[in-house]
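S.K.: Below are the structure tokens for one structure; questions will follow.
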């Protein structure tokens with residue numbers, strides 16, 4: 001593990017700048033740091049004495065807010081559409097196929113996301129993703145209004161590929177930017193902002209579809225509002241700072257190993273792919289969002305349009321409160337890291353197991369009752385009874401994600417290590433989503449996807465339990481999996497330039 005070294009700047013740099021002297025803007029601050037690559041543990045005196053605006057702009061909190069804003073206008077708007085069940089279309093099958101293709105492309109990109117993010121950088125990776133956000137709403141709009149299927153599929157394929165850049169970029173930042181004792185809070189902020197986007201999307205859905213108490217598709221004009229928000233993604237991506245300029249709350253730099261060649265990057269990625277904890281996280285990651293296709297179809301086939309629209313408002317409202325409290329629990333210093341991980345596992349695993357049993361009972365009732373679009377105004381108690389398992393699965397599903405993020409962050413805080421680990425994690429996750437929506441795009445018995453979900457859950461819990469047992473007392477600030485490969489690559493670069 002790298003040890004702190006004395007600041008390598010000039011004597012003038014070591015002096016504390018008087019309070020009445022301020023750095024005028026962000027560019028002045030950046031100019032003081034050009035070419036500097038001191039240790040991550042070292043306090044940046046120039047940052048401490050910069051203006052409040054500069055410190056906030058380069059601080060971890062602002063970066064998390066910007067990632068939250070990107071999720072607000074990107075994935076959250078997409079979730080608001082998806083959470084209508086079948087993307088709000090009259091039947092879920094084409095939407096499920098489109099979602100499956102989207103996540104398949106994201107899986108391909110995120111699988112190799114570590115090397116790509118390390119070369120392109122987190123900021124510009126997020127910008128690539130933001131440029132294609134509007135494709136999400138436009139694909140559903142064109143299909144709902146003009147009945148054009150190919151454009152929906154095309155938009156989901158291209159959007160899925162570029163979304164992979166955001167998935168790996170934000171995951172890397174979540175795992176490496178904050179200190180360990182702050183990570184739960186920042187994860188909560190990011191997740192709450194994403195859910196806030198879904199709240200807004202849900203409000204839009206409900207306000208424009210509140211009078212439709214029957215089954216069918218939502219009003220096509222609803223999608224135009226989503227497109228407007230998606231177009232703002234570029235702004236939030238451009239406001240992000242490059243990783244080497246980001247400073248933590250105590251003015252220290254984010255651990256950031258030096259650049260290596262493309263070949264060395266892929267060798268390091270291969271080392272991560274072979275690591276024990278990577279394969280322990282495979283099944284929990286694959287399972288984590290698998291419920292989306294299963295329960296999205298459940299909602300689409302058995303609930304009215306306005307009940308589905310109301311759901312897109314209820315779920316994120318509850319999620320905001322739940323993830324903030326969950327993040328605070330993960331940061332509780334009274335408990336050891338392993339104890340917090342065990343509590344986190346119990347908090348989402350127990351209710352989800354009960355909900356799967358509950359859903360199986362509901363399917364048996366559906367068979368007896370026939371085809372009914374349950375509506376809160378018409379069916380009252382029966383609607384609530386059938387809807388609650390969906391509600392619990394979706395709200396605790398975010399806890400599942402935050403748990404895995406937090407656990408992975410306990411192993412290493414190095415940016416490049418986190419990008420390799422995060423890329424593989426998101427590849428496994430998106431692969432699960434692709435399979436989930438694929439099997440829900442064309443299957444006769446709708447209970448079969450539920451059985452698959454139950455089987456994945458049964459495999460995920462012991463895998464995550466084994467991963468928890470590996471949690472160290474303190475995370476490494478280097479790539480503890482591929483460190484030898486990184487050191488060898490740096491030596492080769494130094495020899496080549498000497």
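Placed from the backbone N, Cα and C atoms, the Cβ positions cover glycine too.
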S.K.: Out of 259-278, 279-298, 419-438, which range is noted as transmembrane segment by TrEMBL?
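M.R.: Comparing 259-278, 279-298, 419-438 with TrEMBL, transmembrane segment matches 279-298.
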S.K.: May I ask you to indicate which of 365-386, 387-408 is given in TrEMBL as transmembrane segment?
M.R.: 387-408
S.K.: Check each of the ranges 31-51, 220-240 against TrEMBL and return the one annotated as transmembrane segment.
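M.R.: Among 31-51, 220-240, the range TrEMBL annotates as transmembrane segment is 220-240.
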S.K.: According to TrEMBL, which stretch among 169-188, 189-208 corresponds to the feature transmembrane segment?
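M.R.: Going through 169-188, 189-208 one by one, TrEMBL flags 189-208 as transmembrane segment.
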S.K.: Can you identify, from 10-29, 310-329, the stretch that TrEMBL calls transmembrane segment?
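M.R.: From TrEMBL, the annotated transmembrane segment range turns out to be 310-329.
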S.K.: Would you kindly list the residues that approach the transmembrane segment (189-208) from elsewhere in its chain, counting only those six or more residues past its ends and only Cβ-Cβ distances under 8 Å?
M.R.: 61, 64-65, 67-69, 71-73, 75-77, 79-81, 83-84, 88, 170, 174, 218-219, 221-222, 225-226, 229, 306, 308-317, 319-320, 323-324, 327, 398, 401-402
S.K.: Given a Cβ distance threshold of under 8 angstroms, which distant residues of the chain, six or more beyond its ends, lie next to the transmembrane segment (450-471)?
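M.R.: For the transmembrane segment (450-471), the nonlocal Cβ contacts are 276-277, 280-284, 286-287, 290-291, 294, 337-338, 341-342, 345, 349, 352-353, 356, 359-360, 363, 403-404, 407, 410-411, 432, 436, 439.
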S.K.: Considering only Cβ pairs within less than 8 angstroms, which of the stretches 56-77, 124-142, 148-168, 220-240, 341-361 has the most against the transmembrane segment (310-329)?
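M.R.: Per the Cβ count, the answer is 341-361.
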S.K.: Please work out whether the transmembrane segment (97-117) lies in contact with the transmembrane segment (220-240), by counting C-beta pairs under 8 angstroms that are 6 or more apart in sequence and asking whether there are at least 3.
M.R.: no
S.K.: Tell me, please, if the transmembrane segment (387-408) and the transmembrane segment (279-298) are in contact, taking contact as 3+ Cβ pairs under 8 Å between residues separated by 6 or more positions?
M.R.: yes
S.K.: Applying the under-8 angstroms CB criterion, which one of 56-77, 220-240, 341-361 scores highest with the transmembrane segment (124-142)?
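M.R.: Of the candidates 56-77, 220-240, 341-361, 220-240 scores highest.
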S.K.: Quick one: do the transmembrane segment (148-168) and the transmembrane segment (220-240) have at least 3 Cβ pairs under 8 Å, skipping pairs fewer than 6 apart in sequence?
M.R.: no
